[in-house]
Amino acid sequence: MIKNDLLLKALKGESVERPPVWMMRQAGRYLPDFMKLKEKYDFFTRCRTPELATEITVMPIRQIGPDAAILFSDILVVPQAMNIEVEMKPGVGPWLPNPIDSPKKVEQVIVPDVNEELGYVFEAIKMTKQELNDEVPLIGFAGSPWTILCYCVQGQGSKTFDKAKRFCFMNPIAAHTLLQKITDTTIAYLKEKVKAGVDAVQLFDSWGGLLEPKDYQEFSWKYMQQIIEALKDEVPVIAYGKGCWFALDKMAKSGAAALGVDWTCEARNARYLSGGEITLQGNFDPARLYSKPIEIKYMVNDMIKAFGKDRYIANLGHGILPNIPVDNAKAFVDAVKEYKE
């Protein structure tokens with residue numbers, strides 16, 4: 001039995017004394033101990049070494065005290081497993097030297113044996129579960145097929161992912177073939193994560209908000225829906241789409257246990273659009289963690305009041321920024337823990 005099961009209760013829609021809290025990218029660069037490991041090991045070495053991934057995953061639990069751990073990894077380990085070369089370049093971010101920018105290249109993309117290619121992730125989950133000793137739940141995650149396609153086609157990060165969009169609109173058959181391959185791999189990957197011991201999973205659709213609503217349904221949501229459908233009876237699924245407030249009504253009917261919202265969508269609008277029955281997660285602006293700790297506390301209180309303490313998970317609206325002071329991150333977590341109605 002997990003000692004602190006606030007997150008799992010919130011995902012089931014049960015009443016809680018206060019909302020659970022965790023932060024996207026909480027095992028990250030704002031932690032000085034993380035930076036020490038970053039100096040010694042490159043990014044994918046940290047992802048692929050179960051001992052390091054475990055150490056990094058547990059770091060924020062010990063240092064800032066959130067109610068859940070999220071496995072240290074990256075959404076781009078999935079395309080790596082699919083025989084697509086992915087590097088992490090300092091100062092650039094993800095770099096794919098051979099983008100999947102033609103129908104012929106899509107044919108060469110494989111649907112792998114996830115145990116063979118991603119066994120190190122499942123090993124890290126088992127090790128992390130042991131290290132956590134049932135203190136808090138462990139969340140596993142994957143990128144949405146659309147978000148992964150964005151990197152695979154664009155070849156790197158982008159504000160517009162114009163090449164990815166062009167590819168989908170000019171080669172829709174090839175685009176859907178690639179999206180289905182990513183979806184099939186992601187389902188197998190997440191099912192193995194569940195077997196290894198994760199207590200919940202989150203789908204990150206970081207770039208869904210770049211699509212207009214009709215294209216979002218076609219190129220993103222229908223693949224996320226497949227993943228939710230395949231997983232929902234085994235584990236609670238959190239569906240997060242940055243800038244995807246326009247799809248909250250459809251997302252709420254998907255079988256997901258919770259929906260993540262960003263800071264551009266007010267709590268009352270998110271509740272209204274999602275029908276008021278589903279658990280919501282979010283939506284503190286990550287840049288607001290630059291504010292003074294006392295201001296963070298007031299803003300967190302306002303956020304919880306706006307969402308209501310039940311069917312709610314306090315989180316940021318996207319990942320924590322790299323140079324946020326640790327004390328401010330802790331002030332965010334503490335403010336949720338100290339919340340009283």
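Even glycines carry a Cβ here, placed using N, Cα and C.
Per Swiss-Prot, the candidate among SER206, SER254, SER274 that belongs to the substrate site alongside ARG25, GLN26, ALA27, GLY28, ARG29, PHE44, ASP74, TYR151, HIS318 is SER206. When the binding-site residues ALA27, ASP74 are scored by other C-beta atoms within 10 Å, ALA27 scores highest. Considering only the residues assigned to substrate binding, ARG25, GLN26, ALA27, GLY28, ARG29, PHE44, ASP74, TYR151, SER206, HIS318, the longest pairwise Cα distance works out to 23 Å. Summarising the environment of SER206 (substrate binding site), the number of other Cβ atoms within 10 Å of its Cβ, over all protein chains shown, is 22. Taking the Cβ of ARG29 (substrate binding site) as reference, residues of its chain lying under 8 Å away and at least six apart in sequence are, in sequence order, MET35, LYS38, PRO322, ASN323.
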